[in-house]
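Pulled from Swiss-Prot:
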- Glu90: active site, proton acceptor (ACT_SITE)
- 96-348: domain 'Radical SAM core' (DOMAIN)
- Cys103-Cys353: disulfide bond (DISULFID)
- Cys110, Cys114, Cys117: [4Fe-4S] cluster binding site (BINDING)
- Gly179, Glu180, Ser211, Ser233, Leu234, His235, Asn310: S-adenosyl-L-methionine binding site (BINDING)
- Cys353: active site, S-methylcysteine intermediate (ACT_SITE)
Amino acid sequence: MINLLDFNKTELVRFCGEMGEKPYRARQLLRWVHQSGKTDFMEMSDLAKGFRHKLMECAVVQLPEIVSDHTAGDGTRKWLLSTGAGNAVEMVFIPEPSRGTLCVSSQVGCALACSFCSTGRQGFNRNLSVAEIIGQLWWANRLLEAGSHDPFPLDTTRVQTDKPETRRPVTNVVMMGMGEPLANFENLVTALDLMLSDDAYGLSRRRVTVSTSGLVPALDRLRERCPVALAVSLHAPNDALRDQLVPINKKYPIRDLLAACERYLPAAPRDFITFEYVMLKGVNDSVALARELVQLVRNVPCKLNLIPFNAFSGSGYERSGAEAIGNFRDVLMQAGIVTTVRKTRGDDIAAACGQLAGQVRDKTRRTSGCGTGQPAVAR
């Protein structure tokens, strides 16, 4: 059976054509599935009955299964979605008065093995399908519209948009969950197409952000195929330190990464790149490194986002203190670089990316008598 959640509009037009249907049927299907949240073809009332019966014979709308739902005291909400074989991925909703941001995963685990990342410690299992990526947004809109566990509902009067579609609970999407989005390139781009489509979620390019650790060739392809807002996980101002924290830097060093960022800017929906910098106590948080960072990025239109480290068991790192973060920020701001410190959210629900999914995987392995290596099969 074909899962229609795997198709963007172009692919749905082709699919409908193969069934002898007009292109407008694709638009109808997109709206029923992504805007109305329907998964039963018989409820799609403006489709001809004959077409609905044909769809039932060859297609489904199959979503990933929600296996747990956690809400923090600050309103942050994290869901776990089963991906089979005892594995799970996470999506996180961060409510604010003027926006609702959904953090979306792109892979089960991650092969890049960043030393401070809980997901990276789990290793790589597989890429998520388009349905598993876009299904996170589908689920978030449905669950949040239901109103349960949402102490901070979106104030739509403060949302800067002309599109009624973005008055749904999720107004912004950041591809900053589990996995390296650009390592799952084709599925990522198809999911982005759906996020941006007026027949699906109607988000603007400025409200969709892809975060990357620095896959330079794929970054160039994203610029050509679907340029959305860009965030780069930098975390160090020199190759020696970044090689330790972000091993992909050995293949695509900082000089090549910054050159790719400069190539990306003319196509980007924003006139700057966001550089993310996790603050690790005694590792990358000194004033000297802040000054080095100023020299590195001063000619690139950018914003720096300093991220207090979310500790997890066995990480070997600690979060920088408030004074160290403040001193680091001050050096950047005094140099004229727009700098923010990310507000820590969801500390009471295992906020570190991949932490809850890792707990599920570890529990499954223990139950099945498995050690490291191939993932256990859930029973």
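Glycine too: its Cβ is placed from the backbone N, Cα and C atoms.
Structural mapping of features recorded in Swiss-Prot.
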residue	record	Cβ neighbours (10 Å)
Cys103	disulfide bond	23
Cys110	[4Fe-4S] cluster binding site	25
Cys114	[4Fe-4S] cluster binding site	22
Cys117	[4Fe-4S] cluster binding site	23
Gly179	S-adenosyl-L-methionine binding site	30
Glu180	S-adenosyl-L-methionine binding site	27
Ser211	S-adenosyl-L-methionine binding site	20
Ser233	S-adenosyl-L-methionine binding site	25
His235	S-adenosyl-L-methionine binding site	24
Asn310	S-adenosyl-L-methionine binding site	21
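Around the Cβ of Leu234 (S-adenosyl-L-methionine binding site), the same chain contributes Arg242, Ile254, Phe275, Glu276, Tyr277, each under 8 angstroms and 6 or more positions distant in sequence. The residue listed as 'active site, proton acceptor' is 16 Å away from Asn310 (S-adenosyl-L-methionine binding site) when you measure Cα to Cα. When Cβ atoms from all protein chains are considered, those within 10 Å of the residue listed as 'active site, proton acceptor' total 25, not counting its own. Distances between the Cα of Glu180 (S-adenosyl-L-methionine binding site) and those of the recorded positions Glu90, Cys103, Cys110, Cys114, Cys117 are shortest for Cys110. Listed in sequence order, the recorded positions near Gly179 (S-adenosyl-L-methionine binding site) (C-alpha within 10 Å of its C-alpha) are Cys110, out of Cys103, Cys110, Cys114. Note on the domain 'Radical SAM core' (96-348): its mean pLDDT in the predicted model is 91.
Of all residue pairs in Gly179, Glu180, Ser211, Ser233, Leu234, His235, Asn310, the annotated binders of S-adenosyl-L-methionine, the farthest apart have Cα atoms separated by 18 Å. Checking each of the recorded positions (Glu90, Cys110, Cys114, Cys117) against Ser211 (S-adenosyl-L-methionine binding site), the C-alpha distance stays within 10 Å for none of them. The separation of Cys117 ([4Fe-4S] cluster binding site) from Glu90 (active site, proton acceptor), Cα to Cα, is 14 Å.
Cα of Ser233 (S-adenosyl-L-methionine binding site) to Cα of Cys114 ([4Fe-4S] cluster binding site): a span of 10 Å.
In this structure, Leu234 (S-adenosyl-L-methionine binding site) belongs to neither helix nor strand by DSSP; it is coil. DSSP assigns Glu180 (S-adenosyl-L-methionine binding site) to coil in the three-state reduction, outside any helix or strand.
Geometry remark: Cys117 ([4Fe-4S] cluster binding site) versus Cys103 (disulfide bond), CA distance 16 Å.
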